[in-house]
Amino acid sequence: MAEKKQWHETLHDQFGQYFAVDNVLYHEKTDHQDLIIFENAAFGRVMALDGVVQTTERDEFIYHEMMTHVPLLAHGHAKHVLIIGGGDGAMLREVTRHKNVESITMVEIDAGVVSFCRQYLPNHNAGSYDDPRFKLVIDDGVNFVNQTSQTFDVIISDCTDPIGPGESLFTSAFYEGCKRCLNPSGIFVAQNGVCFLQQEEAIDSHRKLSHYFSDVGFYQTAIPTYYGGIMTFAWATDNDALRHLSTEIIQARFLASGLKCRYYNPAIHTAAFALPQYLQDALASQPS
């Protein structure tokens, strides 16, 4: 039997992961980017950009459930949600499951990303693009948060790593804009990489966010294809009580929501804010 082609991730120089490629569904390599979607027997459809896995059908639910349900249930009565990025539609899918949310705005810099993902990753959006509460805005995320007249209860930054096009979503200009259009007691969250390998990302985000929010921290989860340990999510708000809600309060909100999740549950919610000592020490050692 012929040996299967392998795709190797290039995120780190000294080690990494590979996937057997059963079938290439799409591959575009230009001077600006290298985008591929292929099928793998273990992880389903895999999308990678510039040599780095962005999402897989098998484990995306962990990332998207934790990015949405943690801030939305901590807030408790979010009506207006902003998603920056998220063109694959999975973040939108999870937000639409909250029936008390009245409007969902998604800002994507490239309209082609949405149509592309609708075609090649239909399980990610699961029809959520057709939700009547959803509005798509084609714009740069930094520009939008600094110019919009809308305000939001929860802002979710579904950004790539802080290199290339995703770098602007880790800047002070972006964080300042998010603070500008966030309602009182609103919550901002963003992915911040695998902290064991990308600790400087967390430190940098913590330092910048602390200029604009009184309560800044992280919560975490483990996602198989984002290897190297736990992935951290930045958390920023001016209501410090929201990060310390009891499991009983979250449980009551969870039951009232009617959510049925594959990863998230109220115990996971409260436990996610417990961080490893090496990250706590790194954050504490930074000048204020």
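Using N, Cα and C of the backbone, Cβ positions are placed for all residues, glycine too.
What you are looking at is a predicted structure, and each value in this text was computed from that prediction instead of being measured.
Over in Swiss-Prot, the protein carries these features:
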type	residues	note
DOMAIN	9-238	domain 'PABS'
BINDING	Gln33, Glu108, Asp140, Gly141, Pro165	S-methyl-5'-thioadenosine binding site
BINDING	His64, Asp88, Asp158, Cys159, Thr160, Asp161	spermidine binding site
ACT_SITE	Asp158	active site, proton acceptor
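Shown on the structure are the features that Swiss-Prot records.
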residue	record	Cβ contacts under 8 Å, 6 or more apart
His64	spermidine binding site	Ala90, Met91, Arg93, Glu94
Asp88	spermidine binding site	Met47, Gln54, Thr55, Glu60, Val113, Cys117, Leu121, His124, Asn125
Glu108	S-methyl-5'-thioadenosine binding site	Gly85, Gly86, Gly87, Val114, Leu136, Val137, Ile138
Asp140	S-methyl-5'-thioadenosine binding site	Val107, Ile109, Ser168
Gly141	S-methyl-5'-thioadenosine binding site	Ile84, Gly85, Val107, Ile109, Ser157, Cys159, Ser168, Leu169, Phe174
Asp158	spermidine binding site	Met67, Ile83, Ile84, Gly85, Gly86, Met91, Gln191
*asked:* Out of Gln33, Cys159, which of these binding-site residues shows the lowest number of other CB atoms within 10 Å of its CB?
replied: Gln33
*In which DSSP state, out of helix, strand and coil, do we find Asp88 (spermidine binding site)?*
coil
